[in-house]
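Trainee: Here TrEMBL flags 137-212 as domain 'Cation-transporting P-type ATPase N-terminal'. Residues annotated as transmembrane segment in TrEMBL: 192-209, 215-234, 388-412, 424-446, 894-912, 918-937, 958-978, 1036-1054, 1066-1086, 1106-1127.
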Amino acid sequence: MGSTQPLLPLNPGKEIFGYKTQGCRKAMCIAGYILSCGVLWLVFYWKPAWDVWANCIPCSLQEADITLLRTTDEFQIYSWKKVTWISVSSLNKFRADYPITADENSIINKAIMKPDLKVSDFKTCLFWNDIIRKTFPLSSRSLEDSHTCSAIHAKFGSGLRCEEQEIRRLICGPNAIDIQVVPVWKLLIKEVLNPFYVFQLFSVCLWFAEDYKEYAIAIIIMSLLSIAVTVYDLRKQSMKLHRLVESHNSVRVTVCRKDEGFQEIESCHLVPGDVLALTGGKALMPCDAILISGGCTVNEAMLTGESTPVTKTHLPQADDSRPWRTCCAEDYRRHVLFCGTEVIQTKADGNGPARAVVLRTGFNTAKGDLVRSILYPKPTNFKLYRDALRFLMCLIVFATIGMIYAVCVFALNGEEAGEVVKKALDVITIAVPPALPAALTTGIIYTQGRLKKKGIFCINPQRINVCGQLNLICFDKTGTLTEDGLDLWGVITLEGNSFQKVHSFTSGYSLPWGPMYGVMASCHSLIVLDGKIQGDPLDLKMFEATNWEIEDSCEDHVKNGEFPHAVVIKPGPKASSVMEGIAILHQFPFSSALQRMSVIAQEIGGEQQVFMKGAPETVAKFCRPETMPPAFASELQLYAARGFRVIGLAHKILQAGRQAAGLTREEVESDLTFLGFLIMENRLKAETKPVLEELSAARIRSVMVTGDNIQTAVTVARDAGMISQTSQVILIEANELSGSPSASITWKLLEESKRNGYSNLVSEQRGKSLSEVGRSSYHFAMSGKSYQVITQHFSYLLPKLLVNGTIFARMSPGQKSSLVEEFQKLDYFVGMCGDGANDCGALKMAHAGISLSEQEASVASPFTSRTPSIECVPELIRQGRAALVTSFCMFKYMALYSTIQYLGVLLLYWQLNSFGNYQFLFQDLAITTVIGITMSLNGAYPKLVPYRPPSQLISPPLLLSVVLNILFSLCMQVFGFVTVQKQPWYAQQNIYSACLSENKSHVENSSSAATIGFPGMENAGAREGVDNGYKSYENTTVWLLSTINCLLVALVFSKGKPFRQPVYTNYIFVLVLAVQLGICVFFVFADIDSLYSRLDLVCTPTFWRISMVIMLLVTFTVSFVVEEAVIENRALWMLLKKCFRYQSKSHYKRLQRMLEQDSAWPPLNETVFSESRGIPVEDTRVAYRNPVFESNEDML
């Protein structure tokens, strides 16, 4: 049943299966619950898929009353939901020829017209089932994506009727992100049913049955405290999340009703298709909505972590048959107001207040998606946790062997059945350390605290260990590697078709009035908020250079309807312009995907103009060819090569009589006149170069992923040390061939311009061979456009390009996310460091996303650095490595501690003996628990070494360490166990013979000894009277050896350099270890009868006590030497790898080895077509394609 094919793919990442409950199966399961005393129910609780498979049979979704959901990732996590059926037949009380909904072609309208249809609702999605047994997913409580721009305006522009609103509300449900504060009792039950605490409960019950009350009570207290803290944290998180969404559910909004005008309603009653009226003032958006009239300025910091105001423009009424998203391309976000964002300013138009059509409601909104990601975070696929579970399974097998041994020994010696069962079960609680999961998380908790002190906040602590494995970091450029603020260096204007000298604004001479000045004054998205101009830093610097001022439209300009609802720009007191001002009539805001922005503006008393600014290559595409200077490319490359940020500027005069609001972006952005360049200086941050050098020394790859020009990116990479001065850069250019489905890709060697001169960016170096470039010292650089073409047409080449790809320029946000994912497919552990705005997708996709934000915690990434500096990257890697090594140390120690105790108990079982309760208590509580708390306190080593710690427990060095130390402990305990029996003073029956024979005078003075507190020394008979059955020479020997061995193992396993601070810097741990060792040595040599009686120890001759110390010292010495000389000897392991010809199995390593053997790679100055035809540029080499890397997947 578990292999049933999914009936329907759900949202990306999930599949859905239909199941129907069967009465006989359910009855059998209930009987199983009763007969197993609830164990079967518990198993089904932990494995929900098993529960469904046992109680139900597979069926179609039409017949299903239970749906089983499965994630499509490697974890394949199951969950199930009950189906609630909503009947729509009662809604069919209208004429069949009269559509009740505004969109007669919508699924909702079709459903109402067919009484046999019904809707299933199981909280995550809605489905329609029709009479011909087909299933259609409802569009996730949102408007259908098939609507065109004009259809949205026509069908929903005037609002919904009350009847349709009620129907949509019934079917789509309330617009609420309903996160209830989970009651404490539910949290408590859920936590108690955790497998770890169930095992604890089993252990405690067994210990009480064995009268091991002290430790059982201690475990109960610790478990209760742990449960209380966890429940408190969960409750706190639940309340915090509830408060996060609470405001969303209780907002009053104004909606437009068809034929009824405006109404004020609660936001929970909103449905897709409603029209919101945005009447000014600050307000939170309660849903996702498409702006259809007017304009808005919003703060999207809640979603992106970036507090810069974002301008939203209305959806154009384009007469286009394509769906609105396709029509708007990647710029569609500029028309959408996202749920949870704050509308800080609205701008009405001639048709009244700004209006927006509700697009999505509830959990399907942007905020709902965010809340879902918090409620159900993506599991961390990390080998450590998988290996830990496997090792636990091995310990369970180990314990099973011990159980069989215990049953055989006790049964053959005629012990009672109840006693045999207790002793056998006791082996499980000894061999499988119950505290192991808690111990593994201790280091993470301490590391999280250390990161917080350094201004790095973490919302996903499980990612900390993953940071220790990072070997590739993607950096955004602007604001990350370079300063966030830009300085205006100058402008380059055109005279005819020739570039003029740079006009510097620091020279004191102002730029004369003209189109160039008009672009700088009006082509921006700046707003006045609370009396202060706010917006993008680039726009701010550009506008400040003009010395103009922004003011809202005033009566002087609207009295004749001249500039209704426009933003007016006027010369300031310091401005030299004679212009009265400019009115910005309409904006097409900047988009990272489109790499441009434009405005329609009008001089007061003059004509309307279009002004555009953006990436020079992009702006050039919209300009008339005759206006483009011949030296465009060389001039652009000259300044880009010097590290400047170059902005292209253009304009045109609009025909008289055209209404700005009625023009589409395509009409506006055409036939422009190129004006020149705006040159912005973007300096490297002081810490950038040292950090990149540190990462390079640690053999951690650095990759630049930016939206800037490729030449600028290469220059910045050179200056920052990301590309060494001796390395060559190879430009990858891929283009789709016009009029053909094929594409081409070309490799060209770059020769970058010097600081004081210029030579061609792309040098067609005839006959230049790869040997002259350097086989291992080249870097690939490509643009976002080329990357897109490669993923679509040359997917088999992409892995080979990424292995040496360092510069990725003009990348859109979606391409950044795709790039991170492609690196992960090559088995890189990828970190992404960005500013949290255009990098949100990549930050979430990476193994460790680091957002440079002033906020304490950004929802855009697992890690947030309050200090906007990339110094947080090596710090995070250092702390991650330390936390990872700490987890390994704790794992090894917990495994050894339980094994040492396990071996000691099995040895004593041979004599039908065991450790006493206080002996167990001292080992478990006073030794192991305290060490577990303090052993993880070592800080991170300040230097990053050029290799990473192991990522898995199942590695030869770690396994060898555990196995050898188990053998050392076993040999020592067996040697002590056997040797003590051969001593001349040994007597199995008389456990006091050793001290009596050694010191008869001590016995003769027994009366005086009793008077000073040693009553047990009166005589052997009296001693035997207090014997509880545990006392023996073997018990004393094995317990003392095993207890002190636990301390010595903790010292041996406490790793320091190269990933953690030396053990002596962990003062608390050293102090604890010294105190514990002192107490144990005191136990060895102290002959205090009351103490020995309590601990079930017996007196042994001094010679034997010294012998035990020697055994421990020998074992410690051997263990320490083996650990340092063999286990931690990196050179030895590298030699063994070389001898056995072991090579890394990582995909990128295999590719590197393959490419090193390929003399034809990279094919310089060669063009390859997607049909695999090779056309050499200069020589006769033919490119090839490797089918191993072919893929039919859509990379974007």
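Note: Cβ is positioned from N, Cα and C throughout, glycine not excepted.
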Trainee: How about long-range neighbours of the transmembrane segment (388-412): same chain, 6 or more residues beyond its ends, C-beta under 8 Å?
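Mentor: Counting only partners 6 or more residues beyond its ends, the transmembrane segment (388-412) has Cβ contacts under 8 Å with 419-420, 423-428, 430-433, 436, 440, 891, 895, 898-899, 902, 906, 909-910, 912, 953-954.
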Trainee: Between the transmembrane segment (1066-1086) and the stretches 894-912, 918-937, 958-978, work out which stretch tops the count of Cβ pairs under 8 Å.
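Mentor: Selected stretch: 918-937, with the most Cβ pairs under 8 Å.
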Trainee: Between the stretches 894-912, 918-937, 958-978, 1036-1054, which one has more Cβ pairs under 8 Å with the transmembrane segment (215-234) than any other?
Mentor: 918-937
Trainee: Compare 192-209, 894-912, 1036-1054, 1106-1127 by their Cβ pairs under 8 Å to the transmembrane segment (918-937) and return the stretch that comes out on top.
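Mentor: Stretch with the highest Cβ contact count: 1036-1054.
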Trainee: When you check the transmembrane segment (1036-1054) against the transmembrane segment (192-209), do you get at least 3 Cβ pairs under 8 Å, counting only pairs 6 or more apart in sequence?
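Mentor: Contact between the transmembrane segment (1036-1054) and the transmembrane segment (192-209): absent.
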Trainee: Report, as numbers and ranges, every residue of the chain located at least six residues beyond the transmembrane segment (192-209) whose Cβ falls under 8 Å of a Cβ in that stretch; write 'none' if there are none.
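Mentor: Contacts with the transmembrane segment (192-209): 42, 45-46, 215-216, 219-220, 223, 227, 422, 425-426, 429, 432, 434, 437-438.
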Trainee: Going along the chain, which residues at least six beyond the ends of the transmembrane segment (894-912) come within the CB cut-off of under 8 Å?
Mentor: 391, 395, 398-399, 402, 405-406, 409-410, 413, 415, 423, 426-427, 430-433, 435-436, 439, 920, 923, 927-928, 932, 962, 965-966, 969-970, 973-974, 977, 1032, 1034-1035, 1038-1039, 1041-1042, 1045-1046, 1049, 1053
Trainee: Could you give the residue numbers and ranges of same-chain residues that sit at least 6 residues beyond the transmembrane segment (1106-1127) on either side and whose C-beta is under 8 angstroms from one of its C-beta atoms?
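Mentor: For the transmembrane segment (1106-1127), the list is 957-958, 960-961, 964-965, 968-969, 971-972, 975-976, 979, 1037, 1040-1041, 1044-1045, 1048-1049, 1051-1053, 1081, 1084.
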Trainee: Using DSSP, how many residues of the domain 'Cation-transporting P-type ATPase N-terminal' (137-212) fall into helix, strand and coil, respectively?
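Mentor: DSSP classes over the domain 'Cation-transporting P-type ATPase N-terminal' (137-212) add up to 43 helix, 3 strand, 30 coil.
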Trainee: On the 0 to 100 pLDDT scale, where does the domain 'Cation-transporting P-type ATPase N-terminal' (137-212) sit on average?
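Mentor: Overall, the domain 'Cation-transporting P-type ATPase N-terminal' (137-212) comes to a mean pLDDT of 78.
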